[in-house]
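Annotated in Swiss-Prot:
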type	residues	note
BINDING	GLY122, THR123, HIS124, GLY125, LYS126, THR127, THR128	ATP binding site
Amino acid sequence: MVKEPNGVTRTMRRIRRIHFVGIGGAGMCGIAEVLLNLGYEVSGSDLKASAVTERLEKFGAQIFIGHQAENADGADVLVVSSAINRANPEVASALERRIPVVPRAEMLAELMRYRHGIAVAGTHGKTTTTSLIASVFAAGGLDPTFVIGGRLNAAGTNAQLGASRYLVAEADESDASFLHLQPMVAVVTNIDADHMATYGGDFNKLKKTFVEFLHNLPFYGLAVMCVDDPVVREILPQIARPTVTYGLSEDADVRAINIRQEGMRTWFTVLRPEREPLDVSVNMPGLHNVLNSLATIVIATDEGISDEAIVQGLSGFQGVGRRFQVYGELQVEGGSVMLVDDYGHHPREVAAVIKAIRGGWPERRLVMVYQPHRYTRTRDLYEDFVQVLGEANVLLLMEVYPAGEEPIPGADSRQLCHSIRQRGQLDPIYFERDADLAPLVKPLLRAGDILLCQGAGDVGGLAPQLIKNPLFAGKGGKGA
C-alpha cells in the first residue's frame with residue numbers, strides 16, 4: 001500500500017513497480033529512495049555497484065549490475081537519466097512493449113505535483129541551497145521531503161520522505177528537464193554558460209528556458225532571484241510572477257551586510273522589508289554561501305518560519321558531501337595540512353572556492369589538485385580555466401574526466417598545464433587518472449597548507465584515500 005504524508009493526495013495509483021535505468025546516479029537515487037519510502041516497488045540497474053546501490057538494496061530495491069532487457073520485466077514504468085539513450089536494451093524492450101519511459105525530472109514532477117514544491121535552479125549553488133532550505137525547514141518543524149544532488153551530512157542521505165506537504169528539490173537545467181517541474185516556489189541562483197550543447201550553443205536560448213521555467217509557477221507562486229548575478233538581473237523584467245530578489249546589491253529586497261569570515265564560519269546581518277535586522281552565521285566559507293543562505297532566508301520567511309528557527313537551521317548546518325568538505329589533517333614535516341574536497345567543476349565555482357579559502361585562511365598556501373570535467377567544457381571555457389587555476393600556489397592537474405566524451409585536441413589537462421606555465425607565475429604538474437597522488441603531492445606540501453582536491457570526476461575519490469594513507473599518518477575529520 002502506497003503511503004503519503006498527511007494532506008497529500010496519493011499519486012500514480014496504477015503504478016506498482018518502478019524501474020530506474022542508471023539508478024546509481026546522483027539525480028536518480030534520491031527519487032528512487034523517496035519512492036521506496038512511499039511503498040512503491042523499486043528496481044534499477046547500473047554499470048557497477050556502489051555505496052549508493054548498496055544503500056538502496058538495503059531499503060528494498062532490487063538492483064541489477066549491467067543493462068539487460070530482462071531487468072525491466074514486470075515494471076510499470078521506466079525512469080531514465082539524460083545519459084541513457086533509446087538503444088539501451090532495457091529502454092528498447094520497454095518501448096517495444098509500450099511501457100512508459102519517462103525522464104528523471106518527469107518522475108520528480110509527479111512527486112511534486114500534489115505537494116508544495118520548492119525547486120532550486122541555477123548553474124551554481126543548487127545543491128547547497130536546496131540542502132540549506134531542507135535544514136531550515138526541519139529546524140522550523142516542517143519536516144520536508146527533499147531530493148538533493150549531494151549527500152546532506154546531517155541526514156546521511158541525499159533524499160528523505162518527510163511528513164509535511166513540502167518537497168524541496170534541485171531543478172536541473174543541464175538537459176532542460178527542469179521544464180517538467182511545476183513548483184510553488186522557484187529559486188534562480190545564477191545563470192552561466194554551461195551545458196551549452198543542450199541549447200545549441202545559444203546563450204539566449206538558455207536564458208529563455210529559465211524564463212519559461214519560472215513561468216511554470218502558478219500566478220500566486222513565488223520566484224526568488226539573485227540580483228547579484230547580471231543575467232538573472234537581465235531576465236527579471238520578463239518574469240510575470242510574484243518575485244523577491246536577494247543579494248549583496250543595495251537594491252535587493254533581501255540583502256546581507258556586515259559580512260565576516262573566520263575559517264569555516266561566516267557571519268552576516270540580513271535586511272528584510274518591514275522586519276528587524278537578523279544576525280546569522282553559517283558553518284560554510286565564502287560569499288557564495290552567503291547568497292545561498294539568503295535564498296533560504298527569503299523562502300523560510302515567506303513560509304512563516306520563525307527567526308529563531310532560521311538562525312538555528314543555518315548555524316547548525318553540517319554541510320553537503322563534496323561541497324567544501326573538510327576531511328581532516330594530513331601530517332607532514334613540522335605540522336599538518338588541512339585536506340578539503342570539493343565538487344566545483346566550472347571556473348566560476350573554482351573561483352568562489354579559492355576566494356573563500358583566501359578569505360578564511362589568508363596566511364595559508366593553497367595546494368590544488370584539480371580535474372577538469374568533460375572535454376567540451378574544457379574547450380568552451382579554456383581561457384577562464386587558465387585564469388582561475390593559475391591563482392593556486394601549487395597546482396596539480398589530473399587528466400580530464402571524459403564523462404563519455406571523446407578527447408578534443410587542445411582541450412586536455414596537458415595543454416592546460418602548458419598554457420598556465422606560459423603565464424610565468426606557476427609550474428603545474430600533470431598526472432594521469434590512475435596515478436598514485438600521495439607520493440607525488442607529499443614533497444610539495446608544507447605545514448599549514450590547505451590541500452584542495454576539486455572536480456566532478458574521479459578526483460572525488462582522492463581525498464578519502466589520502467586521509468587514510470600511511471604516508472600522512474592521517475587523522476580523520478568530519479565533512480564540513
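Every residue, even glycine, has its Cβ placed from backbone N, Cα and C.
Look at the binding-site residues HIS124, LYS126 and count other Cβ atoms within 10 Å of each Cβ; HIS124 has the fewest.
Taking the Cβ of THR128 (ATP binding site) as centre and 10 Å as the limit, one finds 29 other Cβ atoms among all the protein chains shown. Compute the center of the Cβ atoms of GLY122, THR123, HIS124, GLY125, LYS126, THR127, THR128, which mark the site for ATP; besides them, the chain residues with Cβ within 8 Å of that center are VAL120, THR129, THR189, ASN190, ASN292. In the three-state DSSP classification, LYS126 (ATP binding site) falls within a helix.
Neighbour list (THR127 (ATP binding site), Cβ cut-off 8 Å, at least 6 residues apart, same chain): ILE148, GLY149, GLY150, GLU170, VAL320, ARG323, TYR343.
Listed in sequence order, GLU173, THR189, ASN190, ILE191, ASP192, ASP194, HIS346, ARG348 are the same-chain residues at least 6 apart in sequence whose CB falls under 8 Å from the CB of THR123 (ATP binding site).
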